[in-house]
Amino acid sequence: MTPCNEFFLQVALYKSVPTRLLSRAWGRLNQVELPTWLRKPVYNLYIWTFGVNMKEAAVEDLHHYRNLSEFFRRKLKPQARPVCCVHSVISPSDGKILNFGQVKNCEVEQVKGVTYSLESFLGPRVSTEDLPFSEAPSGNSFQQQLVTKEGNELYHCVIYLAPGDYHCFHSPTDWRVSHRRHFPGSLMSVNPGVARWIKELFCHNERVVLTGDWKHGFFSLTAVGATNVGSIRIYFDQDLHTNSPRYSKGSYNDFSFISNNNKEGIPMRKGEHLGEFNLGSTIVLIFEAPKDFKFHLKAGQKIRFGEALGSL
């Protein structure tokens, strides 16, 4: 067998692993209440393995966390993550910067040199009824249709949350969320090593796409699920249920936050609590901004919620 054929066989075998079933089983295990005497050794093992800083936790006493799920979703002390007031876009979470920059040729890099289709990732253009701005001419490319203001560009930023990171995510700027699209899908690992291995990994995995607008036009935040992270929670969206036992491949579910009673959608302030994962995963920001928008990042750097991503 040639090295190329062997590589494709390995990828096919990995994709055949029932990661959704395993993630649901892991989720149930996480909910099992641990005996008080067992909590400290179990959590200390996790802390040692993944380098968790418990001094930042709102509750440092390990006996407080009844199960693994509560420990994973622990809150931070209010002063642990000051929100940058100077820059227009902040990091929505702790994590590692995998990639960032301008979107080019309707494709986005999940890691350096490995791309995925912008339209496959976000899905078809949302109806103009769900958006506070007009739609671009249909003859334009998908990327051009997302850019609503002349002279603007489309930008992206990918943040990987490791298992030891703070698992909640927050609003990266002041914006309005008008629409949610949920893609049931695989739950393959989003570890950077796997992301280099499987093209369009983020398009295969379950994800929740929130779209809306900020002062410069289109804005979106996507929470991408991963192995053992079947549960993606959006705090203001009680109708969202992820990692269901059955789904149709390639399907998605749409929900509009725009209604006759609510013409504005869901207003979010920079730094406001937005949602959480049950373990490490990935956040992808795709947004419109003027051409002089600058990222203050380096690929591969560690970042914490509240720190600057970029500004004008």
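Even glycines carry a Cβ here, placed using N, Cα and C.
TrEMBL labels come from automatic prediction, so no person has curated them.
Summed and averaged per residue, pLDDT over the topological domain 'Mitochondrial matrix' (1-10) gives 42. The topological domain 'Mitochondrial matrix' annotation in TrEMBL covers 1-10.
Feature annotation from TrEMBL assigns topological domain 'Mitochondrial intermembrane' to 10-312.
As annotated by TrEMBL, pyruvic acid (Ser) applies to SER281.
Under the heading active site, schiff-base intermediate with substrate, TrEMBL lists SER281.
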Measure from the Cβ of SER281 (pyruvic acid (Ser)) and count the other Cβ atoms within 10 Å, all protein chains considered.
31
